[in-house]
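Asker: One structure follows; several queries about it will come next.
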Amino acid sequence: MADSNGLLAGKTGVISGALDPDSIAWALAEAAHREGARFVLTNAPVARRFGRLDELAEATGGSPVVYADATADDELEDLFAQATDALGGPLDFVVHSIGMGMNVRKGRAYEELKYEWYQKSLDISAISLHRMVRAALAKDALADGGSVLAMSYIGAQRVFSEYSEMGDAKALLESIVRSFGYRLGRRGIRINAVSQSPTKTTAGGGIQGFDAMFDFAEKVAPLGNADQASCADYCVTLLSDYTRMVTMQTLYHDGGFSAMGISDALIEGMYGDVLGGDDA
Ligand code: NAI
């Protein structure tokens, strides 16, 4: 883990989506705490049963925990009301690190999506970002100059066969980032999506073929796959004042994967040592 640079000293926020120590949001909360932020942790009420948020709350200096379903507007409004109360005023950042693909999880093929589940997947994984920002605005919970961050994946732009409905969800999420970014910009508030490498987490593991996606990306990306801790360090910069003029972007944190086509490591993985060169 990086040393503290006090990048978020004095800043307050809400961090969603930390379920267990593998969660991207878990690492992000640890990094934000290290950099001096104070925040409320939130997750779905059902996570109270099998999540480990209390541990994280303790490890980050007694962060308040407020459970809220990110698809329930009243619960989100209550979350932001409680967060501004607990942290003493409008927040400097909001982190959306929430995703779930119901058809993916239940092994239902894209051609045969169950629409009820599809809608739920879009609501949980994408529309919830709109709901969160809207609830925060309704409660006057976003400070001018604040930063909103959501987690995405390159399946928003390109087809990764097993990613299925989640590609649609991430495309919508990234579009919401742009559409809300325009509106939030009037108040100096920015919003971005970080498009992260495949990462070994509960949500990641729920995708069939995840190990193949992970290994493929590892072979293609010049720097290899980015893990949770490096993602957290990058996210911290996006919550800090150093990125105050960056908004409406999908920012790739993927070891260079998104700029690649074919790599030698991939060819060698498929055909053995046929290249013979001493190239990278
Ligand atoms: P995770 O399983 O640790 O986190 C997903 C979180 O969403 C969990 O904490 C879960 O409780 C929460 N959640 C689900 N339904 C909810 C609801 N109705 N209300 C509130 N919270 C709800 O997995 P991970 O990987 O840390 O996921 C975080 C974000 O990162 C997601 O948006 C995911 O799509 C994204 N991402 C993950 C990648 C991966 O390979 N693991 C790659 C790129 C992006």
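For all residues, glycine too, the Cβ spot is worked out from N, Cα and C.
Note that TrEMBL annotation is computational and uncurated.
Here the structure is a predicted model, which means the values were calculated and not measured.
The active site, proton acceptor feature in TrEMBL is assigned to TYR153, TYR163. Taken from TrEMBL, the feature NAD(+) binding site applies to GLY17, SER23, ILE24, ILE98, LYS170.
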Asker: What is the total of other Cβ atoms whose distance to the Cβ of ILE98 (NAD(+) binding site) is within 10 Å?
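Answerer: Taking every protein chain into account, the count is 23.
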Asker: Taking a cut-off of under 6 Å between Cβ and any atom of ligand 1, tell me which of the recorded positions TYR153, TYR163, LYS170 pass.
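Answerer: Only TYR153 meet the Cβ criterion.
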Asker: Fewest neighbouring Cβ atoms within 10 Å: which of the active-site residues TYR153, TYR163?
Answerer: TYR163
Asker: Using all protein chains in view, find how many other C-beta atoms are within 10 Å of the C-beta of LYS170 (NAD(+) binding site).
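Answerer: Cβ-Cβ neighbours of LYS170 (NAD(+) binding site) within 10 Å number 26.
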Asker: Taking just the CA atoms, what is the gap between ILE98 (NAD(+) binding site) and TYR163 (active site, proton acceptor) in Å?
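Answerer: Cα to Cα, ILE98 (NAD(+) binding site) and TYR163 (active site, proton acceptor) are separated by 16 Å.
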Asker: Look up ILE98 (NAD(+) binding site) in the DSSP assignment and report helix, strand or coil.
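Answerer: DSSP call for ILE98 (NAD(+) binding site): coil, neither helix nor strand.
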